[in-house]
Amino acid sequence: MSNHTQPKIAIIGYGSQGRAHALNLRDSGFDVTVGLRPGGPTEAKAQADGFTVVAPSEAVKSADLVAILTPDMVQKKLYEEVIAPNMKQGACLLFAHGLNVHFDMITPRADLDVVLVAPKGPGALVRREYEIGRGVPCIYAVYQDTSGKAEQFALTYAGGLGGARANIIKTTFKEETETDLFGEQAVLCGGASSLVQAGFEVLVEAGYQPEIAYYEVLHELKLIVDLFYEGGITRMLEFVSETAQYGDYVSGPRVIDAGTKARMKDVLTDIQNGTFTKNWVAEYDAGLPNYNKFKQADLEHPIEEVGKKLRAKMVWLNGQQQAAAAPANQQAA
């Protein structure tokens, strides 16, 4: 590492997280260079934000710390072909998600420190909280500590993002990867979206208006999740009616029962033993045939057409939609 108090940082990728990391770190006093493909979709945006933008192979050469903030499925090739041959001896390699390292798709050079720093929020929130003097909690991990300073570099980076203003928790690459995948699949994305679709179908098939069903099972979910976010499940229960509370107590366990929990454990097992990652890599390498089929099925679900019409009348959503982060498939370097 250089003798400077602050490490020279190369941010590879400029999607939602990449942009937030780069801006926050620069505002925290770090020397930040952004590495992007020449002519790529985010090059002009990074330049407009005032960053020096060079090819990733150039960006990593003089960097003390290289943060890989590109989508999971492009990281292996990026590391092997661009980063590993050009990254200087003894530098620190940083990830925001441990999938590639934990499941041995990337084997970092032995001379490198390898760490993980993951803000627990989307990029737009990471930036917004920093700008108003607060921060988003971060988790961090050390995979390889060649210099003896890897943990300090992770903490310094997390602090530069604003994480020290909130909370910084130590984890491992294994724990971060497996819990993150499980949360996405069983609860946050897979579990929640399937629950909402099923609830909508039950009401519509029973003869209720699709518009009413949409409001009851999807639109109002935000109100509940906001209460979860602010104070946990018990806070939510404090703010709903006694009728809703009683329904929660007696009907929730009928929907999410021991069988559901057992299947959630199966999902976790597939994550832990690498089955999910193996299948995902094979799917990606095959050109995403099933992924695209599943995606199209979601787009064609009746709840989407109903929701589109109803949201068009919710004028307060327009500003929020414009400010939303880009979809994951638009966040490549």
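We number each residue from 1, going along the chain as drawn.
The backbone N, Cα and C atoms fix where each Cβ goes, and this holds for glycine too.
Swiss-Prot lists TYR14, GLY15, SER16, GLN17, ARG37, THR42, ASP72, MET73, VAL74, GLN75 as NADP(+)-binding residues, and of the candidates GLY121, GLY123, GLY133 the one it assigns to that same site is GLY123. For ASP72 (NADP(+) binding site), the nearest neighbour among the recorded positions HIS97, ASP180, GLU184, GLU220, SER241, judged by Cα separation, is HIS97. Taking Cβ-Cβ distances under 8 Å and a sequence separation of 6 or more, the neighbours of GLU184 (Mg(2+) 1 binding site) in its chain are GLY190.
Packing around VAL74 (NADP(+) binding site) is summarised by its Cβ count: 15 other Cβ atoms lie within 10 angstroms of its Cβ, all protein chains included. Listed binding-site residues: ASP72, ASP180, GLU216, GLU220. The one with the lowest count of other Cβ atoms within 10 Å of its Cβ is GLU220. Among the recorded positions HIS97, ASP180, GLU216, GLU220, SER241, none has a Cα sitting within 10 Å of the Cα of TYR14 (NADP(+) binding site). Mapped onto DSSP classes, the domain 'KARI C-terminal knotted' (172-317) shows 123 helix, 0 strand, 23 coil. Mapped onto three states, the DSSP output places ARG37 (NADP(+) binding site) in coil.
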